[in-house]
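As recorded in Swiss-Prot, the features of this protein are as follows:
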- Lys148: SUMO2 cross-link (CROSSLNK)
- Lys235: SUMO2 cross-link (CROSSLNK)
- Lys246: SUMO2 cross-link (CROSSLNK)
- Ser419: phosphoserine (MOD_RES)
- Ser433: phosphoserine (MOD_RES)
- Ser444: phosphoserine (MOD_RES)
- 522-688: domain 'Helicase ATP-binding' (DOMAIN)
- Ser1098: phosphoserine (MOD_RES)
- 1115-1194: domain 'HRDC' (DOMAIN)
- Ser1364: phosphoserine (MOD_RES)
Amino acid sequence: METTSLQRKFPEWMSMQSQRCATEEKACVQKSVLEDNLPFLEFPGSIVYSYEASDCSFLSEDISMRLSDGDVVGFDMEWPPIYKPGKRSRVAVIQLCVSESKCYLFHISSMSVFPQGLKMLLENKSIKKAGVGIEGDQWKLLRDFDVKLESFVELTDVANEKLKCAETWSLNGLVKHVLGKQLLKDKSIRCSNWSNFPLTEDQKLYAATDAYAGLIIYQKLGNLGDTAQVFALNKAEENLPLEMKKQLNSISEEMRDLANRFPVTCRNLETLQRVPVILKSISENLCSLRKVICGPTNTETRLKPGSSFNLLSSEDSAAAGEKEKQIGKHSTFAKIKEEPWDPELDSLVKQEEVDVFRNQVKQEKGESENEIEDNLLREDMERTCVIPSISENELQDLEQQAKEEKYNDVSHQLSEHLSPNDDENDSSYIIESDEDLEMEMLKSLENLNSDVVEPTHSTWLEMGTNGRLPPEEEDGHGNEAIKEEQEEEDHLLPEPNAKQINCLKTYFGHSSFKPVQWKVIHSVLEERRDNVVVMATGYGKSLCFQYPPVYTGKIGIVISPLISLMEDQVLQLELSNVPACLLGSAQSKNILGDVKLGKYRVIYITPEFCSGNLDLLQQLDSSIGITLIAVDEAHCISEWGHDFRSSFRMLGSLKTALPLVPVIALSATASSSIREDIISCLNLKDPQITCTGFDRPNLYLEVGRKTGNILQDLKPFLVRKASSAWEFEGPTIIYCPSRKMTEQVTAELGKLNLACRTYHAGMKISERKDVHHRFLRDEIQCVVATVAFGMGINKADIRKVIHYGAPKEMESYYQEIGRAGRDGLQSSCHLLWAPADFNTSRNLLIEIHDEKFRLYKLKMMVKMEKYLHSSQCRRRIILSHFEDKCLQKASLDIMGTEKCCDNCRPRLNHCLTANNSEDASQDFGPQAFQLLSAVDILQEKFGIGIPILFLRGSNSQRLPDKYRGHRLFGAGKEQAESWWKTLSHHLIAEGFLVEVPKENKYIKTCSLTKKGRKWLGEASSQSPPSLLLQANEEMFPRKVLLPSSNPVSPETTQHSSNQNPAGLTTKQSNLERTHSYKVPEKVSSGTNIPKKSAVMPSPGTSSSPLEPAISAQELDARTGLYARLVEARQKHANKMDVPPAILATNKVLLDMAKMRPTTVENMKQIDGVSEGKAALLAPLLEVIKHFCQVTSVQTDLLSSAKPHKEQEKSQEMEKKDCSLPQSVAVTYTLFQEKKMPLHSIAENRLLPLTAAGMHLAQAVKAGYPLDMERAGLTPETWKIIMDVIRNPPINSDMYKVKLIRMLVPENLDTYLIHMAIEILQSGSDSRTQPPCDSSRKRRFPSSAESCESCKESKEAVTETKASSSESKRKLPEWFAKGNVPSADTGSSSSMAKTKKKGLFS
């Protein structure tokens, strides 16, 4: 087809391509000999590489604080090349070089929002930013991020002014002719994808060197006096050849003389090391000199000072145009590299300047326009990495777009970008969420796993295949299980010696290590082994990395992403006389000098500081010695974690730099996959993996529904003060899913005059620090926050955590509720949610293009939804996500009790079963068939809403009329729209449906996956179709439990007398309510902020469950003293300007109220009070002395002593009664009082049968009556166990429990063995059981006796086991006597004769 006549006329710059190709070789000029083999310029200092918005803002503020007005920083930017027409790329990296020893690289592309701190720095007019083509950078930043670069210094203008010329300088040209060096312009680095995470070492050095070059060129040009200094080398080349020859001859003679004098051996090692370095330098310079003298010259390229010339070679010209900023400065067409002929704002604004410059060049050099175009084109094309092909239609569109934008958009964009309200830009399309912690993980992972991934319709349809869906394990168990460490001592580990215990008590206030703590510490001190430590919040994982350096006297490095948490821990260590510091880029030289002198034991650093200062760590290890390196919050390393931080991925270099230093990775939430990722990323060598249980028994869990009225939802958690004002019962955090919601909740609570503040990542750092500071010091009682708050808070007395909106996954939810009750006292966690809360999460999931990661996040969200809908024990659901199916003993004492969760409390009170119908699988086959068929009938063109309208027979105009005649139209009208939407969510989660995003991220269509289409085909032949799904309350409604009126203390709810657990008096049941009181308001000048509510837990219940009951007088004394201690601590903390909880935790105050020490030495006996803390808490001793003097109560009640008046009463109580732990008491009551079968109790309380049986064995040990037959201890079972115990090899040694278990048949439960042993041990003092005689038969009690004994046992429990013989249970003869003939021992008289002293008294 002939197209010549129809071929449109191309612009001149494009039609010259063929001419350029033909003359390219001839046009190539040779570089000046002065530029041959110039040494490369490299940045010699440390590079700080930051990839998180919060860290970037923090570092930027540090830079602003350290720099003075008028200071200059080297500035540069990088962005990836674009290979498609019409596309544009955003700035990926911003470089700031503040000195010759420090350069900051901010990887903006890994951040979801532009860091506020960096924006303030770039817009700071008092700090100058120097670079080449920097004006183009200004427009680029303005266009990409709405950031206006202020006080920029164009080095081209400075150089032309100083050198008295009018040159078009590139950065490389300035480096060559000002510094006598050259930049390494490797195309593979320069044109690499700067958005990919992480940057390579070559990319880092390249980027840092560019910014460094800008800084030192500015400094060099500032010191120049005139042009002669720059061109002295050129004049020497022309005028001093004879002098140079003389110098060469002289140097050669000196070299020969040195060679003759050189000794055969070097006595000094330093000499031996330095000589090769000097010789290498001389050799390199000699080689360069040879090329300069012997190399060819070209008169056309010889430098002529003072004339208008181009100092750049062709290669340099390419380097000069490597970025859009230089292209925008010097040429319109150099935009080809990023956007082929895309007339952006910067190029349009600079067009006029380019034209003026071209005319000036033509006038000066007399060149024709074609020659100018040719030269410029040659430079532009050499700058370009890839020349894309442009079609005819695309060219027309682009040119038309250029004409329209040039005249219509420039002024509009200028006025918009320069608006003074740009900080308050409201972009309605932005999802209201905490971007710093929500989107960074998604974007960083996208860059980490793949390059550019194009989402296509077919790709999304492939995501729902059978093998790729998240597996659904029963009860949430599966590969993510973690077995917890047993709390028993590891007998293979040596006990800590006296010196180690003394160090522990002196600096940390504890008298012993917890077993898992000692396991980790011993591994570090003795084995020098890497460790992965997963410990529940509040267990004490910080001691694992703080103790070793204190004990060894060396240094411990702690890496944490949380600045505020590190500051609090440094303060806490300093209060205990442990020298510690936070080392960052903004630290003074004095602190760094003290670090090098070994004056600090624990040094906290950020991941960015660590990666940029490995040489400092190596220096510290060689000079002082590093005991360990701890990586706190290590789950941030894993891309699968809920709080992925890309900066942690760079910490793998630690083991390379310091291979002999043990590394400890610590986290409170890490499943098996996350642990493996941690080990891999940190390059740990054969690490010891230690995991404790995840249970937090002091946390009460509750879930409720939002009503839409914020005050109505939150008022149940508030209490009225005496002044009729409202307040929370203790410090409270309210988590909201978006910034907008935090502000709404704060505004509503403000109507009640509550002392609450907002906290989210959109606030300035100074504002966030103020909220954090005031919350720690109890100046505000409540913080309404996004997930940006809390992870770095060191406040142990948070009593309540409320989620006003559904969390996205179990890990983050566990982490957030874990901030409550770290002092070990009772706290509560409440979650109020609505189904719409998951809509934003689903939209975010759709945007994830990595299939594996998307399905993983979907699986996590589905687990969270099941948790919210479930009627099972919420504690069990959470723990089953982290732990193994056994759910070890840490959970047994609380699970299933009224202190556990909102599901256990009503089930316990009303004897309900745990397996309610909505948690069971239901057959939704017919409905699923209808919904999938509707999606297929509508040709997968709509979202899920239209198929639901179709099934419900809606008359909505959104449904096309042509579908209304289909036989399925209206087939599902019996179900509500919300029901169908819930079913669709289940089908999406199970992989039958998939939502496919369109161009607009809020528009998505619903399509069948391969799995869904296969099932639909198979179901069409079934009648009816079957599909089992787990129903929830949306699909199987049940009564919703609203938040309790006093949810903070579920144990305070008064139950009727018949519901009290055995052994617990009414007075004991109501201790929480009795000791809950409010501290007087804190006096504050100018504010009316209420003092935090000090909720006093029962002092009796805080200790061992077996602690004897205390008198009312003692309880009153403890309560009153505790209140005064809280108030005194607050005043003392205010004077010291430290958080009260850091000065002394509530638990310490409770112990002080019980022990009432009056001397510093006695105060040291309290657990958690170190020597340093004891001295600081001395003012509290006066409060104790004054209170005890006024109330006449005894003081200095150390752990070995008891109140004198209660000692005899306590001893008497121990003889009569021994209280049961609450969980044991609940099991005993249900079994003995309510006659529930043991297997039903175990099922109802979600306990293993053996655990429930062991509860009964403990009741037997405590002396409580028990129906042995119903418990399973039948005469036959008793005989089998007794035969094993009394015969060899046991020989009645009841301490050989393990051997007994081996010899007893496996079908007998272990608890029956323990029960039999307890019976024997309780009666061993009053009778001797003869060996079993198989010819004799024991008589089992009759049913009448059993009924009588049950009745008597009930009375015994109610009366708390009165000591009279009338209330004692009548024992069966087969327990009381071992060898009575069954035929002749039926009379009641013989029974009376065999009756002995009660076994259960």
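Using N, Cα and C of the backbone, Cβ positions are placed for all residues, glycine too.
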Residue among recorded sites Lys148, Lys246 with least C-beta crowding, 10 angstrom cut-off: Lys246
DSSP three-state assignment (helix, strand or coil) for Lys246 (SUMO2 cross-link): helix
Arithmetic mean of per-residue pLDDT over the domain 'Helicase ATP-binding' (522-688): 86
Helix-strand-coil residue split for the domain 'HRDC' (1115-1194), DSSP-based: 60 helix, 0 strand, 20 coil
Rounded Cα separation (Å) that holds between Lys246 (SUMO2 cross-link) and Lys148 (SUMO2 cross-link): 57
Structural state of Lys148 (SUMO2 cross-link), classified by DSSP into three states: coil
